[in-house]
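Peer 1: In case it's useful when we look at the structure, here is the feature table from Swiss-Prot:
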ACT_SITE  His1263  active site, proton donor
BINDING   Arg1219, Met1244, Arg1245, Val1246, Leu1247, Asn1261, Asp1295, Glu1296, Gly1297, Val1298, Asp1299  (6R)-10-formyltetrahydrofolate binding site
DOMAIN    114-321  domain 'ATP-grasp'
REGION    441-1155  region 'AIRS domain'
REGION    1153-1353  region 'GART domain'
Amino acid sequence: MSHRVLVIGSGGREHAICWKLSQSPKVAQIYALPGSHGIQLVEKCRNLDAKTLDPKDFEAIAKWSKENQIALVVVGPEDPLALGLGDVLQSAGIPCFGPGKQGAQIEADKKWAKDFMLRHGIPTARYESFTDTEKAKAFIRSAPYPALVVKAAGLAAGKGVVVAANAKEACQAVDEILGDLKYGQAGATLVVEELLEGEEVSVLAFTDGKSVRAMLPAQDHKRLGNGDTGPNTGGMGAYCPCPLISQPALELVQKAVLERAVQGLIKERINYQGVLYAGLMLTRDGPRVLEFNCRFGDPETQVILPLLESDLFDVMEACCSGKLDKIPLQWRNGVSAVGVILASAGYPETSTKGCIISGLPAANTPTQLVFHSGLAVNAQKEALTNGGRVLIAIALDGSLKEAAAKATKLAGSISFSGSGAQYRTDIAQKAFKIASASTPGLSYKDSGVDIDAGDALVQRIKPLSRGTQRPGVIGGLGGFGGLFRLKELTYKEPVIAEATQGVGAKIHLALTHEFYENVGYDLFALAANDVLEVGAEPVAFLDYIACGKLQVPLAAQLVKGMADGCRDARCALVGGETAEMPSLYAPGQHDMAGYCVGIVEHSRILPRFDLYQPGDLLIGLPSSGLHCAGFNEILTQLAASKVNLRERSPVDGGDDGLTLAHVLATPTQLYVQQLLPHLQKGDEIKSVAHVTHGLLNDILRLLPDGFETTLDFGAVPVPKIFGWLAGKLKLSAQTILERHNCGIGMVLILPQSSQLWRTSLPGAKVLGVLQRRSKVSGSPVQVRNFVEQLEKVASPFGGLGDRELPEELKKLPSNSDLSAPREECFENAAGRRLTRIPTHYKDPILILGTDGVGTKLKIAQQTNRNTSVGIDLVAMCVNDILCNGAEPISFSSYYACGHWQEQLAKGVHSGVQEGARQANSSFIDSHSAALPLLYEPQVYDLAGFALGIAEHTGILPLLAEIQPGDVLIGLPSSGVHSNGFSLVHAVLKRVGLGLHDKAPFSDKTLGEELLVPTKIYVKALSTLLSRGKHGIKALAHITGGGLSENIPRVLRKDLAVRLDANKFQLPPVFAWLAAAGNISSTELQRTYNCGLGMVLVVAPTEVEDVLKELRYPQRAAVVGEVVARKDPKKSQVVVQNFEASLARTQKMLSQRRKRVAVLISGTGSNLQALIDATRDSAQGIHADVVLVISNKPGVLGLQRATQAGIPSLVISHKDFASREVYDAELTRNLKAARVDLICLAGFMRVLSAPFVREWRGRLVNIHPSLLPKYPGLHVQKQALEAGEKESGCTVHFVDEGVDTGAIIVQAAVPILPDDDEDSLTQRIHKAEHWAFPRALAMLVNGTALISPEVSSQ
């Protein structure tokens, strides 16, 4: 529905309001009373002169509005509001954007306004009001605060305020304003205020009288001259948004100023709708209100409204109808507007009229605006000065500094004849001077993450890793994964077993009491003991360490403990990951996870339930203490009971001077040396259970259906530490059985006749005997004599109680739809997943990788969008092992949290499983634990472990073969991926943006953008890597350390690379981060992927073959080359044109997003490609598909539009008399939707010449051939019949001919020997889905242009 609007006023503010309202498709006509020359030039606008309507005759305005069906009256200046225009209009039933006379008092009567603030607790300066000059001056001289601000209580056109330098000046102002009535009756009452110190900021807000919504903060410049010198004016310039007010301060203004004011008006029964303007001083004690205004500010309006994305008519209508809380209020992010006022000579005391103005731009543009404040036109159509403030020159840019420079330059290009113009050249300077002085550029180290410390740790633990090497290990630490060669072992039919473990809250004990090596040993022992359960030999181990602040000596001791365990088990420590996450972990906090890979002969896999016989023995091997079970609750309860763990132990070890902490921290017993030789013989041990979930629970895992047993502790003493624990915490015997190992760390099933437990397993005890199950009900495990044994050791410490302990380890069900394994994966008799080596590998190399998601998790937790981080986890791990040429085979994860929330954990877990599916990997298992001592209630951490296999001859990188001249091919990233998020958090904090705020670089929220999952490159690369000769010499996953640190991992020291940033897209998120955080280009390249998620090093002769596989589906491109490194001191990575690319992207963000219409006639597959591309911010297409038009009803393309939430129209050509009439209707609808660009995507209509001319340079088509060959229809048939070797597609400008317009992009597709029309068409479609978005990007960023007069480039 189209509406008519009346705007009252004639200045720059009203010009800006009319300009913004004209952009609303709901507004058909705007009348301005009395208006101005500039307003008259705005589309849809028309001036009303005083002869038609007297601006001071309110009744006549109301009557005219009724007669002319005015839907809304917008009052610009304060005077009509103060005189009651709003009341007259409301009485006549005409919606008025602006308050009535009572509401306008908030500006019109400064005494009333100050009293109002006092009544409602709104923070403001101290004050007194006077009608007597002598009393006012006496107060100034005696006030207990600097009473130096003198204000006329009434309206004085923004000039009735004097900020005096001293009491003498203030008294002089009293004499002028009150004594001489310089501003007439406006100064008959005087307000004398305290002089506040700080920066002034304007916060304007929309209100409907019930709710109030703040606009972006702005800063006005009141003084006439540079450096805030000279007299006060109505305002000499402004900029928006103003960075001087922080987000917390803005939130305080919302609550303590705006909301209190609206509530105060409600309490005083004053109806108020329109703008509530708060002029603020940012003092050391917080924001204080200097004044309220009842209307838009001038010149703030002129820099605020260009940043408003919402429809201004909708907002104003909502204010007048009490529905402001029902509409979204959206602003352009990442853009600043700066306006410089040009005033006539003599202003503010007088104004020089009639001076000729020259240099005015011909028209406003999206980045440059001029609004008229006091400008007239003579008979010769020359622009003349016609007031004090004549016009405002405005520039918009992604950089505040650039916007200020451009606005000042624009002002300087405009001149007034005669005495010339007055304008300031320092508008906004204060903001960026303060910003640059107080906010130096952020770095990753500033955000709490020290890459150098991580590198130092790697160097420190390399010798520890080397000390664990064994037959099979290839390479060392510092690459992308750990490598192990199976051929060096003696297995005939090897099967892979995997185990993931954590040490729980025992790490809290270790950190508190500095038992770092002990807990590192624990971690390895738990994982290695787990693989023994299937009869496997532990051969390789990875660790994951997470912390708030990396302390290299501490982390090195943790790893030393792991390395000691590895040596004891003859298992190799092949790699690990250290994650420094200051926003997830407090300084000093740590957690760890471990992953062990074992190998077992297929015929030796345990358990062998099929061999069980009644009479078989349950043999228990002694534990070394509590191991790692239940420490979260143990430590919590002991602390609550005020037990001092530094006291000498009253149980084991106390006689040797050990403290309780020493005893509790005793490392987990490692059983590899004891058991592995007997497991590999395979003749006696039928089953193994590692006791980690409590003795009772783990014995249950040994019993298949049909068997039971009775555990008898008559001859099995319980270690004293369990008695002490039960006595101190008043635990029940059942809880000790269910939550702790009771002195038994491993349980075996042996034949009744076996003597193994007597001869070869020191300390082994018979716990029970297997029996056939006699009854279905009841537990298959009964226990005798345990209570008695436990009571013996508990009685010295108070005896047993009835307290229970919660389960710390959690089990999550797998989603069968997502967790379907590869065919090599199978389950043993106990349901544990194992993996056969795929038969096509002749010399298989196991490749292991681990990683986490970093503080990206914090964003998931804060936005409650937790599913996608599981995909990130898989991506980070599998992308790493791809770099060694691996085929990902399996994946395991670790999940630890503060408070167990099952639905949350399931959501995270489903994401991990989805990632494993995308990576074509079997999901093996997740170790999950609730650890309140380590994590806050809503916090969790994730670690992942990937296993892949490569043929020995296919291992990457081929370091010796990489040479200068080799080509770099880049695969684009999907955004930030999962590294550098600590720096992201620091930037968000600096700029005061929240995760639910709209992203400054897209239409999504920041949370949505930052949580886009890391791209998994398995599908992209697996086909290539599976070929014997693929031409790829190296792959570099651009992960933590960015471009600068990851590409060198696949280079010799004598080589470097030269990248060209013009050849790959820098995702806008990085341009925004750089600007918002003042991050240097070097730091950006050292922290982030900058748009390249994976870099391939390819022999020059193989480039085309590689690109044939990757260009269209993956948007791969040549991005650089390998060069000789001439200076060993210089970086191995040089990125040319990076600054230019960065500036180009930042400039793009400062511009309005282009609005695109797509015209279709059918399925709309290219429409879908355009929608997907424009909604993927990483592709950097600064545009949105806003309208879809089809000439046919019911086609699939319309469904695609509906599913994407894009408005669509069916405009059938059959309903129109001629092609020209039909096309005119298209144009009408396109203009109503404010469309900038049109894409023809299978639109089966020949467009008329007038339509083509109307949209020339903004109208493009995609054609399924390599033009100029085969224009028109049936092009695939023509190409096949002609025996062509290749075909493809062309995106071109549309002109009056048939497919003759200038070409923008072409994409070639080979024609294969067995191709028919259908197969060739399908392959061309894939090329089209690459080419069309690429062409649109060129069109949007201005690299594809065509002259309006010609049809070829």
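Using the three backbone atoms N, Cα and C, a Cβ is placed for every residue, glycine included.
Just tell me what is around each of these and how deep it sits.
Peer 2: All protein chains considered, the CB of His1263 (active site, proton donor) has 22 other CB atoms within 10 Å.
All protein chains considered, the CB of Leu1247 ((6R)-10-formyltetrahydrofolate binding site) has 23 other CB atoms within 10 Å. Following the DSSP three-state reduction, the secondary structure of Leu1247 ((6R)-10-formyltetrahydrofolate binding site) is coil.
When pLDDT values are averaged over the domain 'ATP-grasp' (114-321), the model yields 92.
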Peer 1: Counting every protein chain present, what is the number of Cβ atoms, excluding its own, within 10 Å of the Cβ of Gly1297 ((6R)-10-formyltetrahydrofolate binding site)?
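Peer 2: If we count other Cβ atoms within 10 Å of Gly1297 ((6R)-10-formyltetrahydrofolate binding site), we arrive at 10.
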Peer 1: Measure between the Cα atoms of every pair in Arg1219, Met1244, Arg1245, Val1246, Leu1247, Asn1261, Asp1295, Glu1296, Gly1297, Val1298, Asp1299, the residues the record assigns to (6R)-10-formyltetrahydrofolate, and report the largest value in Å, rounded to a whole number.
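Peer 2: Largest pairwise Cα separation, rounded: 18 Å.
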Peer 1: DSSP three-state call for Asp1295 ((6R)-10-formyltetrahydrofolate binding site): helix, strand or coil?
Peer 2: coil
Peer 1: Calculate the distance in Å between the alpha carbons (Cα) of Asp1295 ((6R)-10-formyltetrahydrofolate binding site) and His1263 (active site, proton donor), and round it to a whole number.
Peer 2: 14
Peer 1: Using Cβ atoms only, which residues of the same chain lie under 8 Å from Asp1299 ((6R)-10-formyltetrahydrofolate binding site) while being at least 6 residues apart in sequence?
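Peer 2: In sequence order, the residues whose Cβ lies under 8 Å from that of Asp1299 ((6R)-10-formyltetrahydrofolate binding site) (at least 6 apart) are Asn1261, His1263, Leu1267, Pro1268, Pro1271, Gly1272, Thr1290, His1292.
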Peer 1: Across all protein chains in the structure, which of the binding-site residues Arg1245, Asp1295 has the highest Cβ count within 10 Å?
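Peer 2: Ranked by Cβ atoms within 10 Å, first place goes to Asp1295.
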Peer 1: I want to verify one value. Collapsing DSSP to three states, which class is Arg1219 ((6R)-10-formyltetrahydrofolate binding site)?
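Peer 2: Note: Arg1219 ((6R)-10-formyltetrahydrofolate binding site) is helical by DSSP.
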Peer 1: Could you say whether, by DSSP, His1263 (active site, proton donor) belongs to a helix, a strand or a coil region?
Peer 2: strand
